[in-house]
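Below: the structure, in structure tokens.
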Amino acid sequence: MSTRTEAVKAYLLDLQDRICTALEQEDGNAHFVEDAWTRPAGGGGRTRVIENGAVIEKGGVNFSHVFGSNLPPSASAHRPELAGRGFEALGVSLVIHPHNPHVPTSHANVRFFIAEKEGEEPVWWFGGGFDLTPYYGVEEDCVHWHRVAERACAPFGDDVYPRYKAWCDSYFHLKHRDEPRGIGGLFFDDVNQWDFDTSFAFIRAIGDAFINAYLPIVRRRKAAAYTAQQREFQEFRRGRYVEFNLVYDRGTLFGLQSGGRTESILMSLPPQVRWGYDWKAAPGSEEARLTEYFLTDRDWLADN
């Protein structure tokens, strides 16, 4: 393992520890259970799952470090010149599904790939981001989420936040329903336009920003009263989350195609979901406002 890979791995393991500690403290009841695993083809990881807490219904914060002799199709499809290279992939990926429909679901991921071939220079890149999926949107929360994202990107250039915000909006879009999964945030891949140290610093800035972006929203909403109808709507909207993760998500596809650990890959799925045939929200309702106002291509920082 190279010095670069060792540095990334040390950061990711520490990030997983810090995020789990912060989420446990915010929940106040449940604790993460760790399941360390090894991958027969090379590598392993630490899956950490929290369930049935006071705030978190189900959540997972996973670290993985896998390697192999050939990049899987999901990783080489848009870079065919890398087909046949050996690879190492390291990352932390998390999804948090709260009980309360007024608390959004959150997702974050930071990852590092390096593809190598004897006699040639290694090719490396970073990817990741974070995004928010509210069920009952609150503008204050959306602005806060995007403000933290913008500030994390600011030291790396004025164009970084708008570019990766737009990429997030494009990526987390359910094409078969023509609707966004949530209110976005940041998404990026193939980050190597800077030197390694700057690229690594950028990834650390994004990874470290997640808790600052998410926990203030959780604190504001976790005690809000909700009805059985609102809970049903949350479960209905979770169906969209499942659809995206199983049909489009690059991380899910990479994990399954590379022989990753299925339980760890699918820990992102919510525990209770519902689908209703051709269900539509009542006009003028809070549920209708989610898609009409919040799930749109919006610049949340334009007037704030």
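Every residue, even glycine, has its Cβ placed from backbone N, Cα and C.
With N109, V110, R111, G259, G260, R261 listed by Swiss-Prot as binding substrate, the candidate from S93, S268 annotated for that site turns out to be S93. Looking at 25-60, 169-204, 241-276, the stretch flagged in Swiss-Prot as region 'Important for dimerization' turns out to be 241-276. Counting only same-chain residues 6+ beyond the ends of the region 'Important for dimerization' (241-276), those with a CB under 8 A from a CB of the stretch are 35, 37, 39-41, 45, 47, 49, 51, 57-58, 60, 62, 64, 66, 68, 72-75, 89, 91, 93, 95, 97, 105, 107, 109, 111, 133, 172, 174-177, 181, 189, 232, 235. Residues listed for substrate, S93, N109, V110, R111, G259, G260, R261, cover a largest CA to CA span of 20 Å. Residues belonging to the region 'Important for dimerization' (241-276) score a mean pLDDT of 87 in the model. With respect to H97 (divalent metal cation binding site), the closest of these binding-site residues in Cα terms is N109, chosen from N109, V110, R111, G259. DSSP assigns V110 (substrate binding site) to a strand.
Checked against H176 (divalent metal cation binding site), the binding-site residues S93, R111, G259 differ in C-alpha distance, with S93 being the nearest.
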